[in-house]
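What follows is a single structure, written as structure tokens, with notes after it.
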Amino acid sequence: MFYKSLLIKYAEIGTKGKNRFMFEDALIKQMRRALKHVEGEFQISKESGRIYVEALGDYDFDEAVEELQKVFGIAWICPMVQIEEKDFENLKREVVSYIDQVYPDKHFTFKVDSRRADKNYPVPSEQMNRDLGEVILEAYPEMKVDVHKPDVYVRVEVRNQVNIYSQMIPGPGGMPVGTNGKAMLLLSGGIDSPVAGYMIAKRGVKIDAVYFHAPPYTSERAKQKVVDLAKLVAVYSGPIQLHVVNFTDIQLYIYEQCPHEELTIIMRRYMMKIAEHIAKETGSLALITGESIGQVASQTVQSLAATNEVCTLPVFRPVIGFDKQEIVDISEKIHTFETSIQPYEDCCTIFVAKHPVTKPNINIIHKSEMKLQEKIDEMMAAAIETREVIWCD
Ligand code: ATP
Ligand code: MG
């Protein structure tokens, strides 16, 4: 492969002042993890506001780029040529040969954009722009300069070495995972919650997950589907610790004691309570759900308020304002869609009433929940105690 190095540009983490090194280190950690899956050996280094990936020997360029495109915090991946010999005459030859290698067809406009980070370099950047532009035009008369809207910026950075690059491949943006605390995702087997987890992880938040199942009403295969989804989200978020909670007894108890049209909403409240308990126990600072206003009866504004009422941690609902199709689009992009649409039963759907309340009255819900008083605390403690923890990577 012609390119031996990649220049990694980050966006927002550049603005973090003194904490920048923490962000850079977190980014490098995630990059290392991503590149583990790629054929070849890589060295990652940083130099004042720049991160470099250098291939030590043969490697698969496309695969490396594809993996890096999953690392939150990367704004741009720039395939780059690095030259150690900084002499300006040599640099001219290198730039001309770079253009030849990268652009077989030379019918395009360009602008040279030079930067002199090494202030001792004898040629000022303005002059570098002019002189390099000139030698390029001499070598390839079919190319044209356009200083306002060039097709290609030929970027030349003089540092300890000289970096030459012109291609910029977009990264996923966001912030490196691990720089913004940890949150607990309520992960079902549906389309929405994996997308919600992805979106919060993209902001640098580490993710744990909790899944409620109801054996024997829900199958082992339904559980496996959630494990598969957690692994797919983990491609972006890093390893996810999945807490699988047996919800059967609680669901049956609610079913016995409470009006059936309130079942879903009461169940959702207990899910949130249990999730919050595990979150606090394991260091998560918030909950995440895939709820979207109005999508189903349990997601009307009134229902969301009723669900929210039991939580003291903030609840992040990143897809709250999205239409279903918008959520589907993201799930396709992150490759969770195919798994999400596999038809396995969900614990929520098993006991649903024909006509669930859509505007729950919180006082009435409280009253119904009084009927659970005798056993519910004990049952919740048992559900938390007996949970299974699965490492998804
Ligand atoms: P999803 O597509 O994420 O399953 P949904 O449209 O099916 O969402 P609901 O079933 O009402 O909606 O669930 C709303 C949210 O509650 C989900 O996005 C998820 O965060 C959480 N949730 C629902 N069921 C479960 C479950 N069995 N285990 C863990 N979390 C759940
Ligand atoms: Mg669901």
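One is the number of the first residue shown, and numbering goes on along the chain from there.
Note: Cβ is positioned from N, Cα and C throughout, glycine not excepted.
Database features, via TrEMBL:
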- Leu186, Leu187, Tyr211, Phe212, Arg268, Gly290, Gln299: ATP binding site (BINDING)
- 62-170: domain 'THUMP' (DOMAIN)
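Shown in sequence order, Leu187, Ser188, Lys223, Val226, Leu242, His243, Val244, Val245 are the residues of the chain, 6+ apart in sequence, with a C-beta less than 8 angstroms from the C-beta of Tyr211 (ATP binding site). Cβ environment of Leu186 (ATP binding site): Ser193, Ala209, Val210, Met271, Met272, Ala275, Leu287, Ile288, Thr289, Gly290 lie under 8 Å away, each six or more residues apart in the same chain. By the rule that a residue counts when its Cβ sits under 6 Å from some atom of ligand 1, the binding-site residues Leu186, Tyr211, Arg268 yield Leu186, Tyr211.
Counting every protein chain shown, the Cβ of Arg268 (ATP binding site) has 22 other Cβ atoms within 10 Å. Annotation note: Leu187 (ATP binding site) sits in a coil segment as assigned by DSSP.
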